[in-house]
Amino acid sequence: MEAKKEIQELYEKLLRHNKKYYQDDSPEITDAEYDSIKDRYLKLLEANPSLGFPVVVGYPASEKFQKVKHLSPMLSLRNIFSEEELVEYIEKTKRFLNLKSALEFLCEPKIDGVSFSARYVNGKLVSCATRGDGKIGENIIDNMKVINGFPIEIMDVPDLLEVRGEVFLDHDTFQTLEGFSNPRNAAAGSLRQLNPEITNERNLQYFAYSASKIDGIEHQEDVLHFLSGRGFMTNPLRLASSKVPEIMSFYDSVYRRRSQIKYDIDGLVYKVNDLKLHARLGTLSDAPRWAIAHKFPSHRAKTILEKIKLSVGRTGIITPVAHLKPITIGGVVISRASLYNEDELERKDIREGDLVIVERAGDVIPKVLEVDISYRTNQERFIFPDKCPSCSSTLIRKNNEAATRCNNSKKCPEQVIQQIKHLVSAQAFDIDGIGTSHISFFIEKGFISEPADIFRLDKHRDEIKKYDGWGEKSVENILKNIKNSRKISLEKFIFSLGIKNIGEKTAYMLAQQFKSFANWFDKMSMLKDDTQTEDEIRNLDGMGSCICESLLDFFSDSDNCNMVKSLSNHVMITDHTVNIGGSLSGKKFVFTGTLLSITREEAKEIIKKAGGIVVNSISKQIDYVVAGEKAGSKLAKANELGIAIIEEKTLIEFTNGNNTPALKKETSSN
């Protein structure tokens, strides 16, 4: 049978692509191409139910993580692509319900991220699973716990509650990462790390969008209000309406604003707002009847790939870049597209001179989808070089890594350019007026060979002015901006060094812990022989072996130590200070037990903003223990060591304007 043969082929395709998408985090085709295959498969299944092929959802959970069975299946959504299909879906749904009156929908953005299902028992997070195959997912609870603002404990909820949502990376964060093809893949790769410290550095975000049954909640819109009231992040961009013109107007509005939204959206989801109707509508084999996804059209165009050039990143990652014959897509002129890595280049067999299909679908960087082979004549296969295009050093590629790297970090001109570009960025020294072209010029002419040379440029003032394009005013403005940027906080200085895995958040925590540059640098210089300092770093909330290894690798190199010392001699590094009264400045806190009126994450933020430091384990160096309900062994240990105990109420009073929390000595050890 022809139908059976086609269904079998489509089924095998879906299995392969689901594995690439859900388990490998490296999809080979676009969402639009996947949707086309899946829609064709489902239509053939409906027309040939006797053939007995299964509906494909997700992919079995990886063996790397513990498995979690979902309370109810995590289904996918059927798609529509036009107003006509929307009207047809609404009418079909009303016929199913035998409903004559209007049917209200809640319209929400469809985030292009990674789905999760978090389970709470008696208000405490006990598991958090990926979609997996829709029935069983991977337990990523440790990684979810480090996502900023994700509740670990919640109050006033059913004894058993399952909250679902989407984890994503915003565009700004994605731009700081290397080696990922798009924000969705980066989010998936970050969320499925075996080391939560790496996840912590990636600044993942999330939106919660549904919950299991809650007494008294009757509408989807109320579910979002309920979740928001208990500390979950929900997307404020939504509309409740029963009118197709209003729904389409909202769809068009979000679509037009898509490029201004700081995260990827690939459509809207329309959900029947009345939760009582969800049970009546039930589900299809792979999707609920009470919801549908209205996908955005992708922006695509064909153009000639004129050249493949290699870009060298700050950490040495080599990225192939397609230089295109300029083409306008969605009102934007596109002349370049990332080819991501050597594997991607080989898999798609992309060659110089090819006619390629380019897509700009809300991603930060346009992507080359595929090659139009019918146009190809005698183009030669692109051979990925084994030498760095900037310094000619031999490139290396570690096992199980997609990235190819140049390890000549100190002598590779392009890496030095990117390192100094990082140093002068707004998040570091914030030196206005110095761009890539300026840095390249300074390096080429020998004015800069290391970061500290930026602050020695005034010695070359007269020489710089002799070159074409360098007028008196432009040179003086740059030198003035450099002079005005010499004063820098300790956390920004640490971040400016570009140490692997040391982002802004980690730099702040290190500054908070070590207070002054002298103290921090002394401790880092002796880190390889100082297990006490290593333990001190590991014990900081959100830190661990990954951060320690990065610091150890960096400061084990005497050239790096000399570079930091040289840079520090040309700037003024201010000690870490907190400007909220300073009442908790330098005080170390440990939490134990369950907080009732605020979440533990909120309490941590209160302490950090007031200059305090949150650590994970009890020692003689701890100043306070914040004890909630059902406090455990940490409370007993605190009593043994004579550490002051703070009740939740006392901490709340402090946030309302009181000074340092009143201390009390606990005698109980429950």
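Backbone N, Cα and C atoms are what each Cβ position is placed from, and that goes for glycine too.
Annotated active site, N6-AMP-lysine intermediate per Swiss-Prot: Lys110, in sequence order. Long-range Cβ proximity for Lys110 (active site, N6-AMP-lysine intermediate), meaning a same-chain Cβ under 8 A and a gap of 6 or more residues, is found for Ile265, Asp266, Gly267, Leu268, Val269, Ala293, His294, Lys295.
Here Swiss-Prot flags Asp31, Ala32, Glu33, Tyr34, Asp35, Ser76, Leu77, Glu108, Arg131, Glu166, Lys271, Lys295 as NAD(+) binding site. According to DSSP, Glu33 (NAD(+) binding site) sits within a helical segment.
According to Swiss-Prot, the feature Zn(2+) binding site maps to Cys388, Cys391, Cys406, Cys412, an assignment based on sequence analysis. DSSP gives Cys391 (Zn(2+) binding site) a coil state; it is part of no helix or strand.
The domain 'BRCT' annotation in Swiss-Prot covers 579-668.
Apart from Cys388, Cys391, Cys406, Cys412, the Zn(2+) site neighbourhood in this chain, defined by C-beta within 8 angstroms of the site C-beta centre, holds Val312, Gly316, Pro389, Ser390, Ser392, Ser393, Leu395, Asn407, Asn408, Lys411, Pro413, Glu414, Gln415. According to its DSSP assignment, Lys271 (NAD(+) binding site) is in a strand.
Here the domain 'BRCT' (579-668) returns a mean pLDDT of 73 for the predicted model. Between the C-alpha atoms of Cys391 (Zn(2+) binding site) and Glu33 (NAD(+) binding site), the distance comes to 40 Å. When the binding-site residues Cys388, Cys406, Cys412 are ranked by how far their Cα is from the Cα of Arg131 (NAD(+) binding site), Cys406 comes first. Among the binding-site residues Cys391, Cys406, the residue whose Cβ has the fewest other Cβ atoms within 10 Å is Cys391. Taking the Cβ of Asp35 (NAD(+) binding site) as reference, residues of its chain lying under 8 Å away and at least six apart in sequence are, in sequence order, Asn79, Lys295.
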